[in-house]
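Trainee: TrEMBL lists these features:
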- 453-464: compositional bias 'Low complexity' (COMPBIAS)
- 41-429: domain 'Cation/H+ exchanger transmembrane' (DOMAIN)
- 501-645: domain 'Cation/H(+) antiporter central' (DOMAIN)
- 652-689: domain 'Cation/H(+) antiporter C-terminal' (DOMAIN)
- 726-819: domain 'Cation/H(+) antiporter C-terminal' (DOMAIN)
- 443-464: region 'Disordered' (REGION)
- 30-49: transmembrane segment (TRANSMEM)
- 61-77: transmembrane segment (TRANSMEM)
- 97-114: transmembrane segment (TRANSMEM)
- 126-148: transmembrane segment (TRANSMEM)
- 160-184: transmembrane segment (TRANSMEM)
- 196-218: transmembrane segment (TRANSMEM)
- 230-248: transmembrane segment (TRANSMEM)
- 269-299: transmembrane segment (TRANSMEM)
- 347-373: transmembrane segment (TRANSMEM)
- 412-434: transmembrane segment (TRANSMEM)
Amino acid sequence: MASSSVSAADMAAVKTSSNGMWQGDDPLHFAFPLLILQTLLILLLSRILAFLLRPLRQPKVIAEIVAGILLGPSALGRNKAYLRALFPPWSSPVLESVASLGLLFFLFLVGLELDLRSVRRSGRRAFAIAAAGISLPFVCGVGVSFVIRRAIPGADEAGYAPFLVFMGVALSITAFPVLARILAELKLLTTSIGETALAAAAFNDVAAWVLLALAVAISGSGDDRRSPVTSLWVLLSGAAFVAVWMLAVRPLMSWVARRSDAGGGGDAVWVAATLAGVLASGLATDMIGIHAIFGAFVFGLTVPKDGAFAGRVTERVEDLVSELLLPLYFASSGLKTDVATIRGGGALAMLALVIGTACAGKIVGTFAVAMACGMGAKEAIVLGVLMNTKGLVELIVLNIGRERKVLNEETFAILVLMALVTTFITTPMVMAIYKPARAPGRRRLHPRKLHGPTTSAPSSPSSSAAANAKELRVLACIHGGHDVPALINLIETIRGHTQPRRLVKLYILRMVELTERTSSILMARAARRNGLPFLRPSRRGGGGDDQIDVAFGTYAQLGHVQVRPMTAVSALHTMHEDVEAVAEDKRVSLIIVPFHKRQLAGHGDEVENLGPEWRAVNRRILREAPCSVAVLVDRGFGGGEQVSSEQVAHGVCVVFFGGPDDREALELAGRMAEHPGVQVTVVRFLDGKAGREEHSEVTLRPSEAKNVEKSYTFATATVNGHREKELDEAAVAEFQQKMGAMVRFEERVAAGNVVEEVVAIGKSREYGLVVVGKGRLPSAMVAELAVRPAEHPELGPIGDALASAGHGVVSSVLVVQQHDMNADEVPVTVVQIDGHAQDGELGKDEVAVP
């Protein structure tokens, strides 16, 4: 697999493409078909490994390196026939050339991500931590190199100076890109410890590139040993390159960014010029004698970080680089790693020594200086662990060392495994050691709901804050621009009165999945402060989410609604934590979340499914939210377009069975009915089975045999059935008295299939929106539906029936859940018992539903 074994004559004999197998050609003997197959194998295996490592929160680079190791001589490559067929020696330069092109642009993105001004602003503490975090491991690496040169055969063939420098850099480096992704994943990116770690890693990164340039300058190529004069010329030329690029190219790129941001339709020209600049910079440093990636990195530093230009360039480049080309580079590192060369107790001892020295040097050095700077012991340890992150940049250093013949096969394999181990342990160690405490104001959840027994007026948004009785605070979560029209129409409907206008404060939280893309990390840094989403001002100029800002800004002006936009960039398994934190911090009364399925406009009944991960986000929000929650199943509510207050004209049907969730839905109906353009109909279902109310009740019994993902869940809190009935009757009576002729109220006796009757309402085309309660403390009619097969159990039996595509419902659906701190939900079985049964006859955790 080593490129050194391939002669120029061998490469000249290689043809690019074949004539096809029907003409007798074997495609695997031609460069391009073989490259395609190698790429497919690497991408497939790395994706599978990334999926398997996802529960451990491992960065993608781990999976890509391991994929290369498995495909290479350490595992599958032990079969020589496989290795000759799929990864013959002549294919190595082709694969590595394509991968190196991806590496060139990736290092440009790293420079684009690194803001030198923030490095300068980070202060002495970050500089001191970075200095200790690189100097002590560097010294340790130099010390270990003496041991390795004696213990590993062939390690002493390289010159002393380059070997010492490469070993020192390998042990002292911190991978800034990987660290940023780990911090973002753990929601530490904008916390105090995260900002310190990132600033120190930025210092470390700059120092590491300088040391790497020094190591490359003093090392020859192959058996060539450079004279001190040659190395000095390389270093001086490299310094001159940096000076020219920072003094001349940087102002030029600022001018390019301004011209591009100004518009005019020539944005593609400026992006193309920037990409050409990456290639030219790489060529310049390669001609100097420093690796081409150094030029790409420096050019990335010259691009201004303000404005939208850097973001547009990143979006054009990062997908191709990070998803296709970069995995090839790290997999090629794994392909060159032969773990079998680490044989015997001595080699394993060297591996343990290198890993132990790398961890101890980085963690101890960082810990000591962090403690001296006034940080707590736990934070100092965590900072040391974070600074011990290797990965991307480490592999680049090792590959250059191998290319320059500074590191032999066994030393290279030991250092690759060291990089894997140190990066692998970072996230688990930080999660085990550091659990940041929430702010004191969020330690206790306040029972806020739209309707509560202590509130004299049904329209009060909070039972815990009488001062806010006239103001409704809503947190609306969105995935993207397609959620905006229905959400604005829903907020306008819920607001009620337009003259005089009722005070509404609307917080918009755009939920964005955190990925390992550079743009995702930049967005996470821009959207969070102190670890949480914060209110951001509206931005000018182009951008992906500016259309969302414009839509809500227009609604705020025309509808006299206070709109506060925020963005939550988070891993999906922790997205609910951001939603809950914002809801608690802003003391909202209602969270609105979009259903994970939505009907595509203009495509008939075709439905877009965002996937089980987003569905799990909704389930967690419903389970842990500090206030009432409503799930919107949008089927083009309001015609699929945003309309003004004067243009609102649609019917709303509220289905009422009884229970806290249905009473919350009834409270929303009271608000909606006050809007002059909304016609509200309340349909109350009464049990039509003979003698039900006098002679029997339904008992819900927890069932451990049922799967919570496929069964409806109900609250098992002890309730007073008669008290619930009284609250239902009081709520209905108060609603009728207050609304009067403003609302059409009808009672239906449910003698047959209640699900069919509710679905008929949604299919009637009479209503644009159907509002139902989730039914966690259900009436007997809803409780009997617990045994039905559930497609979307998080919506409750009635909401699920209306949301399921197979029933032909055309109305949008709003499923409401009232906040209850004590409601634990479990799957249940339904047991019919005599109504004269005493409370003492019920089993443990059984709940009687009248």
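Cβ from N, Cα, C; glycine included.
Bear in mind that TrEMBL entries carry predicted annotations, made automatically and left uncurated.
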Trainee: May I ask for the residues of the chain that lie six or more residues beyond the transmembrane segment (160-184) and have a Cβ under 8 Å from a Cβ within it?
Mentor: 57, 59, 61, 110, 113-114, 133-142, 144-145, 148-149, 194, 197-198, 200-202, 204-205, 208, 211-212, 214-215, 218-219, 354, 357-358, 361-362, 386-394, 397-398, 401, 404, 406-407, 415, 418, 423, 426-427, 430, 514, 516, 518, 520-521, 524-525, 569
Trainee: Please spell out the DSSP helix, strand and coil residue counts for the domain 'Cation/H(+) antiporter C-terminal' (726-819).
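Mentor: Tallied per class, the domain 'Cation/H(+) antiporter C-terminal' (726-819) gives 49 helix, 19 strand, 26 coil.
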Trainee: Reported in the order helix, strand, coil, what are the DSSP residue counts of the domain 'Cation/H(+) antiporter C-terminal' (652-689)?
Mentor: 14 helix, 15 strand, 9 coil
Trainee: Ranking 30-49, 126-148, 269-299 by the number of C-beta pairs under 8 Å to the transmembrane segment (230-248), which range is first?
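Mentor: By the under-8 Å Cβ criterion, the transmembrane segment (230-248) pairs most with 269-299.
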Trainee: Do any residues, 6 or more residues outside the transmembrane segment (126-148), come within under 8 Å Cβ-to-Cβ of it, and if so which ones?
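Mentor: Sequence-remote neighbours of the transmembrane segment (126-148) are 155, 163-164, 167-174, 196, 199-204, 207-208, 211, 350, 353-354, 357-358, 360-362, 364-366, 368-370, 372-373, 383-384, 387, 411, 414.
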Trainee: With Cβ-Cβ distances below 8 Å as the criterion, list the same-chain residues six or more beyond the ends of the domain 'Cation/H(+) antiporter C-terminal' (652-689) that contact it, or say none.
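Mentor: Same-chain contacts beyond the ends: 449-451, 458-459, 472, 492-498, 502, 628, 630, 645-646, 724-725, 727-728, 731-732, 735, 738-739, 742-751, 754, 757-758, 761, 766-782, 796, 798, 811, 814, 816-818, 820.
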Trainee: Against the transmembrane segment (61-77), which of these stretches has the most C-beta pairs under 8 Å: 30-49, 196-218, 347-373?
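Mentor: Counting Cβ pairs under 8 Å, the winner is 30-49.
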Trainee: Among 97-114, 269-299, 347-373, 412-434, point out the range having the most Cβ pairs under 8 angstroms from the transmembrane segment (196-218).
Mentor: 269-299
Trainee: Using Cβ atoms and a strict cutoff of less than 8 Å, what residues sit near the transmembrane segment (269-299) while being 6 or more residues removed from its termini?
Mentor: 100, 103-105, 107-108, 110-111, 209, 212-213, 216-217, 234, 237-238, 241-242, 245-246, 249, 253, 256-257, 259-260, 309, 312-313, 316-317, 396, 400
Trainee: Could you give the residue numbers and ranges of same-chain residues that sit at least 6 residues beyond the transmembrane segment (97-114) on either side and whose C-beta is under 8 angstroms from one of its C-beta atoms?
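Mentor: Distant Cβ neighbours of the transmembrane segment (97-114) are 35, 176-177, 180, 202, 205-206, 275, 278-279, 282, 292-294, 296-303, 305, 310, 313-314, 317-318, 320-322, 324-326, 328-329, 331-332, 392-393, 396, 518, 521-522.
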